[in-house]
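Structure, as structure tokens:
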Amino acid sequence: MSAIYNFCAGPAMLPAAVMKKAQQELLDWNGQGVSVMEISHRSKEFIALTEQAESDLRELMQIPANYHVLFMHGGGRGQFSAVVNNFLGEQGKALYLVSGQWSSAALVEAQKLAGEAQIDSLNIVEKHNGLNAVVLPDLHKIDADYRYVHYCPNETVDGIEIFDELDSPWPIVADLSSTIMSREIDVSRYGLIYAGAQKNIGPSGLSIVIVRDDMLKLPSLPQSSIMDYRLAVEHDSMFNTPPTFAWYLAAEVFAWLRSTGGISSIAKINQQKAQMLYQCIDGNAFYRNGVVAANRSQMNVTFQLVNEALDSEFLKQAQIAGLVALKGHRIVGGMRASLYNAMPLDGVIALVKFMNEFAAKHS
């Protein structure tokens, strides 16, 4: 069977080695005679798995000791709510930087839940010669006392990425759902990081939260117990039954990433993959991209065919060639190739070859 390369934005492809290992031990995990899906989350065997997963993630991301690592329910949207309820209190203020669809969605959720609290926002994307560009404000010039500033460094729908780390006088809350572990960051600059698992961590249903200890002292609002960071810390992410199979697969992904050389190594490959695809787009008048070079996403490469009437044929022929899930988000249309950590370089080589051949045939 020919290779199939899955460019889905999420749930995304998992490393082949992880999938094969999960397949091999699906019915008998760790010599238990049963699946990892069937054992108690409080058993010593599963606790050992969770401890190793956290240890591996801490090593990969160089997470300081004054940060808690939580494995939670709810995905990214669940954390939109949890951030507000855990940190804003009844009279707090927060600032949301809007760079695309997901940061906008976080803002809408915050406004819905804030009550008497104040939610401010800044649109940080402008048009430069018809292309989307991020313009980061000087936050130190803003006279306000915010509990936190929220932003999303990578917008999967819009194909926009912010590579410069934010400089803020207030704690930074970041949605890293689509960039976590794709490149190195300084965790100590953040008050809280959250990430839905279904892009660079594992399957959907799990979210990772990395929260600095002092953030847990901020006033909170009444909320669901399973989204209470303080309870999650107190109960080692097991206030209720966690998504155990997703946790297991996340642990395997962390181990796989360590075995491949860690984040510094995968970051070089990710950069190479993105550069290769953007060079194809820029080098062919058949395709176009709407983002300035400095803010083009490495994880989610969006592009359009100049002749949009060929979109359906492009997707049909790509599917036949084993290149799946290339259709752009319904809001923006066009095409999108998601190049998360699990996407091998060979997948991008195959996509570029197909794009060049398709353009030559239909130009």
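In case you wondered, yes, glycine gets a Cβ from its N, Cα and C as well.
The feature L-glutamate binding site is assigned by Swiss-Prot to ARG42. On its own chain, ARG42 (L-glutamate binding site) has MET238 as residues at least 6 apart in sequence with a Cβ closer than 8 Å to its own Cβ.
Neighbour list (ASN240 (pyridoxal 5'-phosphate binding site), Cβ cut-off 8 Å, at least 6 residues apart, same chain): SER225, ILE226. Under the heading pyridoxal 5'-phosphate binding site, Swiss-Prot lists GLY76, ARG77, TRP102, THR156, ASP175, GLN198, ASN240, THR241.
Same-chain residues at least 6 positions away in sequence with a Cβ under 8 Å from that of LYS199 (N6-(pyridoxal phosphate)lysine) are, in sequence order, ALA9, GLY10, ALA12, THR156, SER177, SER178, ILE180, MET299, SER338, TYR340. Sequence annotations record features per position, and here Swiss-Prot assigns N6-(pyridoxal phosphate)lysine to LYS199 based on sequence analysis.
For TRP102 (pyridoxal 5'-phosphate binding site), the same-chain residues that are 6 or more apart in sequence and have a Cβ closer than 8 Å to its Cβ are GLY76, CYS152, GLU155, THR156, VAL157, ASP175, SER177.
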